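Reviewing the structure listed below.
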């Protein structure tokens, strides 16, 4: 990878809390418009990696060096609204509308994610799939050049999962941005990713799925569980968000 195509670089990054090692000697380059999937067991440091990239925590050692300017769109693993806080969908999305997109581009996102009928709804009353679509829209409205999806399938019904898998596949062309996808879904990662990083407090292995599948480190962690198929049931509306 040449320097001109590099969007983000993590160089010899380690993170400790006291004597507890959460991440050690992480070296990652993410290129412009590249999609990178991150997998690993519970406690592997995936959430810590995301926090380091977002700048929420500072490495104990090493450097996280973004290109300038770096605009990150982030869809968190969990999102909760206090019951006493009234927050409409339109209010949440308005926070992301910073005039980086044209009105036509914003409307395209609303249509693609089937959001128009949700705008007056309270966030507290949305289903898991509806909440995920709103959070994805909020991230896209910031016109990111790096989109981070942290366990995007968590808590979704099967129909919404199928739609979101396909939408994620289309996002690089739609957005023209890099993506970092943290996922526990080994089957989707191994079948649908071009570059995978296997994390277990350090980088165990990385590369194309076919390369990881024969890696001894990968086999120790996951065996052949990724071969258990995700059943994709095509339906007429799979190109659009479930209503």
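Every residue, even glycine, has its Cβ placed from backbone N, Cα and C.
The ATP binding site annotation in Swiss-Prot covers 40, 41, 42, 43, 44, 45, 46, 47, and the record cites sequence analysis as its basis. Same-chain residues at least 6 positions away in sequence with a Cβ under 8 Å from that of residue 44 (ATP binding site) are, in sequence order, 199, 200, 201.
Among the features that Swiss-Prot reports, domain 'ABC transporter' is placed at 8-225, with the record citing sequence analysis.
The sparsest Cβ neighbourhood within 10 Å, among the listed binding-site residues (42, 47), is found at 42. Under the DSSP three-state reduction, residue 45 (ATP binding site) is assigned to coil, being neither helix nor strand. For the recorded site, residue 40 (ATP binding site), the DSSP three-state label reads coil.
All protein chains included, residue 46 (ATP binding site) registers 23 other Cβ atoms within 10 Å of its own Cβ. Residues 40, 41, 42, 43, 44, 45, 46, 47 make up the record's ATP site, and a Cβ search at 8 Å around their centroid adds 199, 200, 201 from the same chain.
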